[in-house]
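Data block below; observations after.
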């Protein structure tokens with residue numbers, strides 16, 4: 001869905017290949033670091049879009065349930081791959097900053113822009129209030145799972161070793177909770193959470209772009225491309241950060257997060273403009289839930305495999321940012337109706353956080 | 001509206017002029033400080049009522065939209081003027097304490113008393129749930145805007161200089177957000193937020209007291225009177241505080257806040273007793289939103305003009321007080337229905353905070 | 001109600017007497033401490049069940065209103081009696097840990113298990129949304145009442161002496177608020193908060209087990225038994241805790257809390273399986289509200305009578321645990337509908353907290 005709606009159709013492969021090739025050339029020919037960063041940042045938008053489109057197409061052939069699952073787990077593959085490279089290099093602080101950025105970017109920027117732009121066109125937009133309620137509770141779980149270990153660690157109730165054990169346990173619990181959420185939302189209570197009005201229309205549009213075989217090949221290719229460009233991008237960050245005097249936190253939480261989510265951004269906004277605010281909300285909130293309940297815990301386990309367990313203790317200001325984003329998004333979405341001013345409120349909170357992180 | 005309902009009609013000018021004259025006499029003849037404080041505190045109630053009445057009357061002639069805007073911005077003029085004198089004298093702590101007091105006073109005391117008294121007469125009182133939801137989200141924005149700079153400052157992520165820059169940026173953002181809220185609530189979504197049942201009745205009562213010309217003259221005179229009495233009152237505070245062994249915090253957050261909002265108090269309670277709980281909620285919550293999203297940010301800019309920028313970092317206990325008030329008020333108002341026990345809950349939280357501030 | 005549903009009928013007295021006798025024998029014959037702990041822990045489950053059954057029966061004869069009041073105040077008698085012994089011995093930390101455990105145990109374990117098990121059988125279970133809203137606001141009051149004194153104490157705004165005064169004042173306010181809640185929920189707004197569908201059925205089942213006279217005798221006897229077993233249990237805790245290397249916090253918050261609430265657990269789960277989720281919610285949330293708004297404040301006054309006032313300042317991690325439990329329970333219950341996944345979310349949070357407390 002992302003790919004089909006978010007980006008052009010035929011004219012897609014040319015810029016994709018050009019951007020990818022330039023990014024690779026920059027990396028292997030040791031171009032100027034800032035130039036490399038800019039090219040890789042642009043390239044990641046295209047390869048992430050390609051991955052989204054391939055996932056969508058494979059999902060179509062896999063049938064509704066498995067397809068939904070694939071869509072949900074592969075949706076944030078780009079972020080996950082970038083983060084794995086950061087974890088391998090032991091850059092835990094930047095991992096956490098980019099996870100923070102991905103969560104607040106989805107909850108505030110993507111959701112905010114969708115609601116705002118959609119609200120300028122339609123006075124009130126509606127979506128399934130049951131879904132809104134469940135989403136709100138899951139977001140709260142995400143905040144709690146980050147908040148509890150940090151509280152125990154900060155008050156010295158648990159030492160560093162205990163914190164790692166606790167991080168692994170909490171990570172395991174969150175993955176189980178997330179998988180059961182897929183069972184709940186795609187199997188046992190599928191009908192309760194769907195938007196009646198949107199479903200009929202959507203089905204029509206969903207004719208797949210590619211054949212079954214081509215879709216699978218493209219899924220493999222696009223994943224490799226995302227992995228490569230991610231690695232090239234990560235290697236430029238150090239220089240780029242020091243060049244512009246930006247903090248790791250700002251780069252991780254805002255620059256990487258905006259780049260890595262570009263495909264979702266455009267897709268969600270375009271859905272909102274077609275009055276499909278339910279689907280836009282699902283992309284924005286669903287994506288942030290995946291990051292918090294699946295990507296972050298998986299990274300804890302992956303770091304453990306690399307022999308250096310990353311704990312789940314975020315800094316106070318990261319937790320403040322996530323907590324603040326969850327509370328305002330929950331407050332705004334809980335009645336299943338949105339208007340332009342609610343979108344503006346989300347954007348306002350995003351700007352306040354952005355300026356704060358910039359000034360660090 | 002405030003003036004017409006909250007205070008008597010013909011018998012209004014005599015006590016107004018007497019209180020004002022006595023307050024001036026006390027100040028210039030250097031009466032006993034405690035006496036001066038008491039007289040000024042009484043006088044401020046009357047001049048604030050006069051200002052409210054004049055604003056209301058001017059609003060009537062200005063047409064519904066501009067009138068609403070005037071009413072909204074002049075509604076807290078008394079608080080603003082008192083605060084400007086405090087800012088000029090560099091008494092930033094007392095400014096913040098009085099802003100805190102005005103916010104929690106409106107959300108807990110004014111709203112609590114209205115809901116409680118109204119609930120004793122009517123089993124369940126109803127108001128527009130859409131307005132309740134939007135109000136809740138705006139209150140959350142106010143908490144976030146105070147909370148984020150404080151979190152960055154407390155964790156040493158930003159130094160004092162950065163905090164001032166951040167304070168000015170946040171203040172600017174809040175003023176824009178507030179002005180757009182006026183656009184939203186008075187222009188684009190006016191009908192969504194109104195109480196159908198109350199509107200009809202209200203229009204009848206709204207025959208203006210004075211001619212257009214007289215209203216404007218009274219607006220100017222009342223503003224000058226508020227400015228004068230505010231200055232006289234502020235000058236007595238130091239002595240009064242030390243005399244009774246009260247903390248600046250308690251005086252700012254409870255004494256000044258109760259005195260400065262006396263007109264709103266009586267108006268809101270009387271509306272609730274007429275089963276117009278929607279209008280009472282609008283006065284109480286609307287007023288606290290103005291303080292947080294408009295008065296406080298404007299004071300940051302005014303302090304900057306005086307050459308000494310006041311930051312927006314409130315103390316932990318002030319933030320706790322505001323956060324606590326917002327959460328309980330949001331929880332109670334969000335279903336658009338109220339009863340006496342919900343009013344009691346608000347009052348209970350106000351008393352807990354009051355005792356805590358008194359014991360500081 | 002608890003006793004009738006939660007435990008067998010005729011076969012109840014034999015294990016009750018055996019467990020009580022063994023527990024007494026262990027205590028007076030100085031058996032192995034761990035064995036004593038295990039026996040007393042089992043015995044407390046039976047004597048608490050007996051007390052619950054006796055209370056229920058007396059309530060029946062006392063008429064609906066007084067009966068409801070008795071049920072509400074005696075419902076947590078076991079916890080209260082255990083806590084009084086701890087207060088007498090000055091074990092304030094364990095008192096607070098066990099209060100914390102009782103609150104989160106009811107909100108997360110009892111409610112979570114009921115909603116989860118009930119949700120496996122029924123797709124969506126419904127209960128009175130008005131009650132859910134009021135419960136949510138009361139839970140928030142409980143959090144605020146704990147949070148405000150701690151915030152003032154932690155920021156050094158109030159010294160230890162002031163904190164004790166504040167604790168007594170807050171405790172008094174909470175008791176008044178709780179008594180007025182009984183007036184509200186049982187007298188002035190009884191009909192607003194009841195579940196129409198459940199009431200009719202319940203009345204049929206409520207034929208009392210014992211005669212009026214026997215009920216009163218049993219109430220006295222069961223209270224004495226609870227008091228004795230509680231004392232025996234408390235005396236084993238020190239040894240038991242050090243034997244297994246468990247923290248006071250974990251024992252207080254999880255072991256004692258689970259044991260002391262066993263009767264409520266089974267009763268609530270069985271009600272949920274009969275699709276009476278409203279009654280299950282009332283037991284779980286109602287019980288945690290009693291602990292926070294009545295039992296805890298009463299203990300402050302009792303400690304004051306013993307000459308050593310216990311303050312109401314909980315540790316940061318206890319407050320985090322209570323706050324987290326209240327927010328997730330509020331978020332899940334506020335729409336008056338539940339499903340299995342919402343139950344799971346509550347259990348997940350309970351497990352996260354349990355592991356954290358265990359690792360302390």
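Quick reminder: no glycine exception, Cβ is built from N, Cα and C everywhere.
Pulled from TrEMBL, these are the features on record:
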- B:34-186: domain 'Sodium/calcium exchanger membrane region' (DOMAIN)
- B:215-353: domain 'Sodium/calcium exchanger membrane region' (DOMAIN)
- B:12-29: transmembrane segment (TRANSMEM)
- B:35-54: transmembrane segment (TRANSMEM)
- B:66-87: transmembrane segment (TRANSMEM)
- B:99-120: transmembrane segment (TRANSMEM)
- B:132-153: transmembrane segment (TRANSMEM)
- B:165-188: transmembrane segment (TRANSMEM)
- B:209-229: transmembrane segment (TRANSMEM)
- B:249-271: transmembrane segment (TRANSMEM)
- B:283-306: transmembrane segment (TRANSMEM)
- B:312-329: transmembrane segment (TRANSMEM)
- B:341-359: transmembrane segment (TRANSMEM)
Q: Kindly say whether the transmembrane segment (B:99-120) and the transmembrane segment (B:249-271) touch, using the definition of 3 or more Cβ pairs under 8 Å where each pair is 6 or more positions apart.
A: yes
(Q) Can you work out whether the transmembrane segment (B:249-271) touches the transmembrane segment (B:283-306), with the criterion being 3+ CB pairs under 8 Å where the paired residues are 6 or more apart along the chain? (A) yes
Q. What parts of the chain pack near the transmembrane segment (B:209-229), using Cβ distances under 8 Å and only residues at least 6 beyond its ends?
A. 3-4, 9, 20, 23-24, 40, 43-44, 47-48, 50-51, 53-55, 57-58, 60-61, 74, 77-78, 81
**Q.** For the domain 'Sodium/calcium exchanger membrane region' (B:215-353), the number of residues DSSP places in helix, strand and coil
**A.** 115 helix, 2 strand, 22 coil
Q.
Considering only Cβ pairs within less than 8 angstroms, which of the stretches B:132-153, B:283-306, B:312-329, B:341-359 has the most against the transmembrane segment (B:165-188)?
A. B:283-306
**Q.** Intrachain residues whose Cβ lies under 8 Å of the transmembrane segment (B:132-153), provided they are six or more past its termini
**A.** 103, 107, 160, 163, 166-167, 170, 173-174, 177, 181, 185, 193, 281, 285-286, 288-289, 292-293, 311-314, 316, 319, 322-323, 326, 329-330, 333-336
